[in-house]
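Following: one structure in structure tokens, then a few remarks.
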């Protein structure tokens, strides 16, 4: 059992090392897009399922409250939190539409959708991307594995941050680190601090 625990740490570290080579440019581009969005008076919507829903909420909380520096709140909405809305849409229409209907109501041109899926195959996140694109929003996709169908929906105006791993747990761990990098870059760009 101890060896298995140590192996989890080793695999997590190696995945982060691999990601440190593969992802910085994508993360920096996504952060730059988010800063531009926020400076333009727009907002960031975020969605995902399960652990990715938790990541969407984590990102939103870091922007609405603060990350590591004191600053004014920034507009971000996790589309995963309103159980009445989610269950109404799932019951009356389909689970695949729980995010897309919210985006059609709340999304505006210039907004960003942070779409999170470890596999890139989540039907409701795919529909969310389609809805966001129909509203002239930009997409930042956090994925893993081969990027799935989500990757195929993205254009050169969007950014995919694809973790180089096939392990859901390792992908989720790097997604959280990527989210923290996004928040740090947003804060440091909008509110420079003396180091």
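Glycine too: its Cβ is placed from the backbone N, Cα and C atoms.
Since this is a predicted model, take the numbers as computed values, not measurements.
In Swiss-Prot this protein carries:
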DOMAIN    34-195  domain 'SIS'
BINDING   49, 50, 51, 62, 91, 92, 117, 118, 119, 122, 172  substrate binding site
BINDING   58, 62, 172, 180  Zn(2+) binding site
### Query
Can you name the residues of this chain that are 6 or more positions from residue 117 (substrate binding site) yet have a C-beta less than 8 Å from its C-beta?
48, 49, 52, 125, 141, 142, 143, 148, 150
### Rounded inter-Cα distance in Å - residue 91 (substrate binding site), residue 58 (Zn(2+) binding site)
26
### Message
Please report the distance from the Cα of residue 119 (substrate binding site) to the Cα of residue 58 (Zn(2+) binding site), rounded to the nearest angstrom.
### Response
19
### Query
Can you give the mean pLDDT for the domain 'SIS' (34-195), rounded to a whole number?
98
#### Entry: Largest CA-to-CA spread of substrate binders 49, 50, 51, 62, 91, 92, 117, 118, 119, 122, 172, angstrom
32
### Query
Hey, of the binding-site residues listed (91, 119, 172), which one tops the CB count within 10 A?
172
### Task
Between residue 172 (substrate binding site) and residue 62 (Zn(2+) binding site), find the distance joining the two CA atoms and give it rounded to the nearest Å.
17
